[in-house]
Each structure stands twice: as C-alpha cells, then as structure tokens.
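Structure, as structure tokens:
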Amino acid sequence: MYFYGTSCPKAEHIVKDYVKQHIPNAPSVAAALLRMHFHDCFVRGCDASLLLNSTTGQAEKNATPNLSLRGFDFIDRVKSLLEAECPGVVSCADIIALAARDSVVTIGGPFWNVPTGRRDGVISNITEALANIPSALSNFTTLLSQFNNLGLNTTDMVLLSGGHTIGISHCPAVSPRLYNSTGPGGIDPTMDSEYAENLKANKCKTATDNTTILEMDPGSRKTFDLSYYSLLLKRRGLFQSDAALTTDSTSLAFINQLLSSPTQFFFDEFGKAMEKMGRINVKTGSEGEIRKQCALVNS
C-alpha cells in the first residue's frame, strides 16, 4: 500500500481527483475502466500489456474481446498528469488499477484497497488475449478453468461477474442465444423466453446487429447493486457466461447467499475479489519497466 508515498506522494490523489472530476459526467466510463483492469490482469497479469500498440496489429488491444474497450484516452490523460508531477515513477499498470477502483467508488460502488508498485510489461500478444480472456459465450467449466488458472475460485468468479451490474454490451455477445440456439425460434432454452423475445423485438432485431447497446442489468445499470444476481435467478442474465453461473451448485448457492445478505456484504466481498484480481502475476522490483507513454515500451 502507498508504494509511491515518498517517490510521488501526490500520485494517488492525482488519480482520484481526475476521476472525481470526470466520471460524474461520464459514469459509463467506470464500467469501461473496470473491464479494462479485468482484461489486463487476465493476460500476463496486471501489467498494462493491454495498453501497448502494435504496428502490425498483433497486440492484446487488437484481439476481438478488446476491440470494444474504452478509456485508453482517460488513462493517457492521467498518465500525463503523473508524468508532469513525477517523471518516470508511476506505472501505467498502477494507473489502471487505481482508476478502476476510484471510478467504481465515484458512482457509488464498493471501495477496495489497491496495493501499488506494479511495473509495466514489455510484451503484448493478440493470441494470449484470445486464449485467456473469458468469453461471453463460454459455459461454466470453461470459465472456471480460466479463473482457476490465475488463482481465482468459484466465489471470486461470481463476485467479479457482478461488475456486470453497471455493464453495457452489444448484440454479438448475445445474438447466438437469440438466433442460433436449440429452443423455438433459435432461442436459448436457458433464457427466459419473454426476455429473449423482447430483446429480439426491440434490441437485437437481426442476428447480425453489431451496434445496438444493451444494458446488462436493465433498469438498474447506473447503480452498483445486487439486481444483476436477481436477474440471473429469473433466467435473465444477458450472456451465456452470466447464465452459466446458475448451472453449478457452489456458484448458485453463493448467488443465493449474496441475495439474502445486506448489499454491504456484496460490496465487501467484491472488494476482496478485486484486490485479489489486482495481484495476479504482478511485476515488481526490477521486472518490466515504468513506461513513459502507456501505449509504447521505452526505447
């Protein structure tokens, strides 16, 4: 904690102030930064490898699951403020972790500790992103193995999925459940039929729509709350990967525990899972580097 206490004492305040200044005007960016942190940590650990550009289009950010990420410019602007204050000191990896936490807090979500001192990686590989970032179309077994590989367990997976309480998505992540599944009209039999018909009539009107925005927690998207889990039990999870959380007994029992507990329990447990995620394969000491610009390795 407070790794920059002497080397850049204002670092965490600078991040927090920038977040507090801008997130209230653009609250959906909180979800984008939370997702960025998740996608970064799941590939080579929390090392900002996600931010690197590739001249040949072979970096993590070029992988399909990362093409809809937002917030790169937000991170760059925070980085420039920190470079002005303490050149070459604060890593891009720490900026992502701090900005994700501060933005979730700013929209009324849970607080969690963010230990710092992560260093920035120098490798970014499109293939690794495709292999390691959990897919919206995955079943429980596949999802759990990807989380287990990184030291996360079933409850961590259920909790981190709860970030979808503030999420938005686009039709390609759900269209296979509406058009190409085994139920009547191509609808996934594990999805509430009324909900599915509503999505087909009003949102994903064709199987190829890739622009319409969907709320992952309809009616409550701007609030960090338990309603995402309530929807899962009504078979109204948007993704296959959301619905999958109800197909395992351990996972389902934990969802029921969350729903029968005060929201503060969810907040506390979500925070613990986020802190755990933020420690995945971090680079410290002399590993990696402190990038001067988040999209480029130092020359």
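Cβ coordinates come from backbone N, Cα and C, glycine included.
Bear in mind that the values here come from a model prediction, so they are computed numbers and not experimental data.
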Cysteine of CYS41, CYS46, CYS86 paired with CYS8 via disulfide, per TrEMBL: CYS86
Lowest local Cβ density among SER49, THR165, which the record lists as binding-site residues, within 10 Å: THR165
Remaining residues near the recorded Ca(2+) 2 site, that is with C-beta within 8 Å of the centroid of the site residues THR165, ASP217, ASP225: GLY162, HIS164, ILE166, SER220, ARG221, THR223, PHE224, LEU226, SER227, TYR228
Sequence-distant neighbours of CYS92 (disulfide bond) in its chain (C-beta under 8 A, six or more apart): ALA48, LEU51, ILE75, LYS79, ASP120, ARG291, CYS294
